[in-house]
Every structure is written in structure tokens, then in C-alpha cells.
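Now, the feature entries from TrEMBL:
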DOMAIN    19-148  domain 'Alcohol dehydrogenase iron-type/glycerol dehydrogenase GldA'
BINDING   Gly105, Lys106, Val107, Met108, Asp109, Thr128, Met129, Ala130, Ser131, Ser137, Leu139, Tyr143  NAD(+) binding site
BINDING   Asp183, His267, His284  glycerol binding site
Amino acid sequence: MFIKERKKMVLQLISRIAPQEYVLEKGAYDRLAPELKSRFIRRVILLHGTKSMQKAAPYLPDLSQQGIEVIDVSFNGECSKNEIQRMIDLIHSKQADAIIGLGGGKVMDTAKAAAYKAGAVPVILLPTMASNCAAWSCLSVLYKDNGECIGHEIYQNQTFLLLIEPRVIFDSPIDYFIAGVADTIAKWYEADLLLKNADRKSLALRFSREAARQCLEIPLNHAEQAIEDMKQGKLSEEWIEVMETNIVASGLVGGFGDEYARATAAHAVHDALTIRKETHHLLHGIKVAYGIMVELVIEKKYDEMTRLLPFIGHLSFRFA
């Protein structure tokens with residue numbers, strides 16, 4: 001019934017594919033000052049998590065030595081309307097030319113939301129974890145101050161600059177990386193449900209579906225080794241491939257596919273679980289992994305469940 005109803009709907013297809021510039025390399029943060037200056041940015045809000053700043057600090061340049069004023073702001077913990085408004089007020093009161101978000105997904109989403117609502121000021125993102133695609137996507141997932149998910153917003157402006165320093169993400173908690181793998185494989189199951197029943201032909205939708213396919217195949221083939229490498233302190237090519245898949249391929253699904261490739265049942269389960277306070281200790285991707293199982297039951301894809309469960313078991317996802 002669900003699929004039949006979707007077939008009749010004409011969904012929006014506006015591709016907001018990627019950040020304007022994307023760099024993944026050791027020493028990526030060294031590009032920060034030249035890139036800001038090239039955009040005539042001289043005063044920035046730097047929104048960050050406390051632990052994220054500690055991890056990133058050894059690699060960050062001293063922007064003040066290069067003529068850029070930095071207004072340091074600690075993140076309050078949720079991408080909520082109150083936190084977004086706090087950032088908007090700071091952007092205006094400090095007359096900031098841009099906002100930099102350094103941290104996890106909620107920091108990324110808060111920076112994007114505040115930048116857009118403050119008048120589409122430039123936003124620069126420096127993710128310190130690979131637990132979701134927030135650093136890539138043109139949307140923000142919104143929460144109440146108590147951690148309950150209340151939906152998402154899509155923005156018309158892209159991120160100006162995305163800088164990934166792999167050594168910083170490699171030094172992040174491994175549980176977040178594993179949760180990112182779960183969030184990534186969900187892209188295939190959720191997008192496939194819509195894209196295979198799309199009511200239009202589009203090259204963008206073909207690209208979206210292929211990105212979604214990579215979100216499943218790359219983790220299935222390489223995630224276990226990547227996680228083992230991370231445990232052993234080996235920053236390997238396989239680890240980088242999976243890390244980049246968590247952020248880039250995952251973001252390209254919705255970037256190309258728009259409403260034809262947004263979250264469906266798996267993320268809906270996640271959103272519902274956030275209402276329960278006793279689930280707040282579980283990472284986003286872990287709740288999404290549970291949501292994948294629920295979605296496969298809804299679709300009666302029991303063979304796919306049988307194929308996927310050993311993979312989830314090997315990654316040691318904890319649902320409690």
C-alpha cells in the first residue's frame with residue numbers, strides 16, 4: 001500500500017549535490033586561511049564541541065596570525081531551535097562574515113542552519129567524526145533541547161568549503177565510526193524503496209541510486225577490515241574508503257535524489273525512538289541499524305535480513 005501511494009505522488013527533484021569545494025588530505029586544515037581570504041572572510045564564528053576541539057587543535061592553523069578574527073563558541077549539545085537562534089544572534093551581533101562548524105553531525109547541522117537563516121552567510125565545515133553525512137548534505141536534522149528528533153530542514157545554499165583531515169577523524173571514538181557504517185548502509189535500503197518505484201526518468205536519480213548502492217557494497221566489503229585497522233591504529237586506504245563513504249557517498253544519495261532518495265522507514269524508526277529518554281545513550285546510527293531490520297520486515301525481505309544480520313553481528317552493534 002505504501003509503495004502504491006508513493007507511485008502516484010509527484011515528488012520534488014532539485015539536486016543540491018555537494019559542497020562547493022571539498023578537500024580530503026593530511027594537512028587539509030592548512031588550506032583554511034587561504035580559502036577564507038579568497039572569499040574575503042575576515043571574521044568568523046568557530047562553533048565546536050569541546051572534545052572535537054581537543055582532537056583538532058594540533059592540526060588547526062592560528063588564523064589570528066593570518067589576519068582573521070576568530071570568535072570561539074562552544075556547542076550546547078543539540079541542533080535545536082534555541083541553539084540555532086543563539087548562533088544567528090552571534091553572527092549578527094559580532095558581524096561575522098562566516099561560520100565554521102567543527103565537530104560531529106549536530107555541530108555541522110547547527111552551523112548550516114544558522115548560516116542559512118542568518119542570511120545565507122558562508123559555512124565552512126570541519127567534521128571530526130564519520131558517523132553520518134551531515135558534513136556533506138544541504139539539510140539539518142532538528143531536535144528539541146531534550147534530544148527528541150522533530151524533523152529536518154533543507155537549505156538552498158551549499159556548504160562553501162568542506163575540509164576533512166583524516167588524522168582527526170581517525171582519532172575519534174570507534175563507536176561513532178561503526179555507527180556511521182550503519183547509517184550509511186541504511187541509505188541503500190531507504191533510497192531503493194523509493195527509487196525503484198520512481199515516477200520519472202532522470203540521470204540524477206540514476207546517480208543517486210548508484211551512490212546508494214556504494215553505501216551498501218563498500219561497507220559490506222571493507223568495513224570489517226577498516227574497523228580492525230582503526231582498532232590497531234593503522235590509517236589504511238580501506239579505512240579512508242569507508243570513512244569517505246560514510247560522509248560523501250551517503251550525502252550524494254539525497255544530494256542527487258532529493259525527495260526520491262530521502263530517509264524512509266529506517267530513519268523513521270530512529271526518530272520515533274528518540275522520544276524515549278532511555279534510548280538517548282544510543283548513537284544515531286545504532287538506532288538506524290535497528291530501523292533497517294524493521295524496514296526489511298515491513299518489506300518482507302527476510303532473505304536480505306538473513307544476509308545482513310551476520311554483518312551487523314560482526315560489527316558488534318549494541319541495541320541496548
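Placed from the backbone N, Cα and C atoms, the Cβ positions cover glycine too.
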Checklist line | Gly105 (NAD(+) binding site) in three-state DSSP notation | finding: helix
Next item on the list: Tally every other Cβ atom lying within 10 Å of the Cβ atom of Asp109 (NAD(+) binding site).
Entry: 27
Notebook entry, point to check: Where the record says Asp183, His267, His284 bind glycerol, what is the longest distance in Å from one Cα to another among those residues?
Noted result: 9
Check: When you measure from the Cβ of Val107 (NAD(+) binding site), which residues in the chain that are at least 6 apart have a Cβ under 8 Å away?
Finding: Leu47, His48, Gly49, Ser52, Phe75, Cys79, Gly101
Check: Looking at the binding-site residues Met129, Leu139, which one has the fewest other Cβ atoms within 10 Å of its own Cβ?
Finding: Leu139
Margin query: With Cβ-Cβ distance below 8 Å and at least 6 positions apart along the chain, what are the contacts of Gly105 (NAD(+) binding site)? List them in sequence order.
Written below: Pro127, Met129, Ser131, Asn132, Ala134, Ala135, Val141, His284
Checklist line | Helix, strand and coil counts within the domain 'Alcohol dehydrogenase iron-type/glycerol dehydrogenase GldA' (19-148) (DSSP) | finding: 51 helix, 32 strand, 47 coil
Note to self: If I take the alpha carbons of Leu139 (NAD(+) binding site) and His267 (glycerol binding site), what is the distance between them in whole Å?
What the structure shows: 15
